[in-house]
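**Q** Dropping a structure here in structure tokens format, bear with me for questions.
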């Protein structure tokens, strides 16, 4: 008896329920972490895990171990944790034992027909006015680039709650010509939103918030199982206990991490592997790289840096030209040439010696113009004659014009020949 009393504190916390609510779970921040006991949805290929009483969905680039039961990524809370002991293994067992759909009696809350006193809701029966809360007379469909999260299947239709309305997947729509983009279309079918409070694949509870009725209507709901999420995807074997054995079957729905049921026998197990979703990873990378991109800010930053570099280079070039000019004109060695004062002091007058004076002796003596004087032939002779300056200046002008024209034609012909050779 003492041993039994000693074991009670160990058993009670293990089976205690979390005090989390849907609102508190959704308010939790995203976390980049590695979670264990991960399962994957076969249809959407999304990965899920229970942590601290909440259900988490892996987003972004997800890296998993070989058996895909431990994954690293950006985990986002999407609702309450899925109970891990509600039907497992091969779903066999004894009376009220292993599995909600096993060999024993089905628990009434998981029945396929409504329980007396409970309300059965069919979202497709048209009893609710179509449309959205914003515009009930015009149900505008929403277009999604990829299949959204938090959808559920009912009567072979995929539903989603959006902006207080229940929407149904109505196929794909293409838009644009270059490129052509394909969208997933969800059309409102009711002004009431539905949610599954337990995320266990059986819609036990639903709440309808109507745009036409301020009071929310809460009901018990009996329907088909959900496709997202439906733990465990990698369901393993295991048999429920004997008569009365197991709370609802062996294994934590095939997880294998906690052995048998909460009170019954059976060993959880199993493993699974799936295909890597390259498209989903590409979309996640694209979103992560572009979500904070500000084209105007990037252009402004690049322009500012280029202007700064250009200003620095311009100042350096102007300073160097000034130093060379001062050195050539005898104003002393400054700036980049200040370090050569000691060597230049040994030459002439040091840094005050204009360098140009040393080169002028090597320059050719160019002809200088003189004042025009009349040209006289045979001065003092009987055949003496002269040419006045006005005629000489006229000849100079005409001859200079001919030289200019000839020079222009020569230069033009030279460049034209170069261009012709390049084209050929």
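Note that Cβ sites are derived from N, Cα and C of the backbone, with glycine treated the same way.
According to Swiss-Prot, the record shows the following:
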SIGNAL    1-18  signal peptide
REGION    19-85  region 'N1'
DISULFID  25-54  disulfide bond
DISULFID  64-71  disulfide bond
REGION    83-147  region 'Disordered'
REGION    86-104  region 'G1 (Gly-rich linker)'
COMPBIAS  86-105  compositional bias 'Gly residues'
REGION    105-141  region 'Hinge'
COMPBIAS  132-147  compositional bias 'Polar residues'
REGION    142-228  region 'N2'
DISULFID  206-219  disulfide bond
REGION    222-279  region 'Disordered'
COMPBIAS  235-273  compositional bias 'Gly residues'
REGION    253-262  region 'Not essential for gene 3 function'
REGION    275-424  region 'CT'
TRANSMEM  398-418  transmembrane segment
**Q** Whole-number answer please: how many Å between the C-alpha atoms of residue 64 (disulfide bond) and residue 25 (disulfide bond)?
**A** 24
**Q** I need the CA-to-CA distance for residue 71 (disulfide bond) versus residue 54 (disulfide bond), whole Å please.
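**A** Cα-Cα, rounded: 17 Å.
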**Q** I need to check the long-range neighbours of the transmembrane segment (398-418): which residues 6 or more away from its ends have a CB within less than 8 Å of a CB in the stretch?
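**A** Same-chain residues near the transmembrane segment (398-418) but 6 or more away: none.
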**Q** Could you break down the residues of the region 'N1' (19-85) into DSSP helix, strand and coil, giving a count for each?
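**A** Going by DSSP assignments, the region 'N1' (19-85) contains 5 helix, 33 strand, 29 coil.
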**Q** Just to confirm: which same-chain residues, 6+ apart in sequence, have a Cβ under 8 Å from the Cβ of residue 25 (disulfide bond)?
**A** 53, 54, 55, 77, 78, 79, 80
**Q** Give the residue from the disulfide-bonded residues 54, 71 that has the most other Cβ atoms within 10 Å of its Cβ, counting over every protein chain displayed.
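**A** Result of the Cβ crowding comparison: 54.
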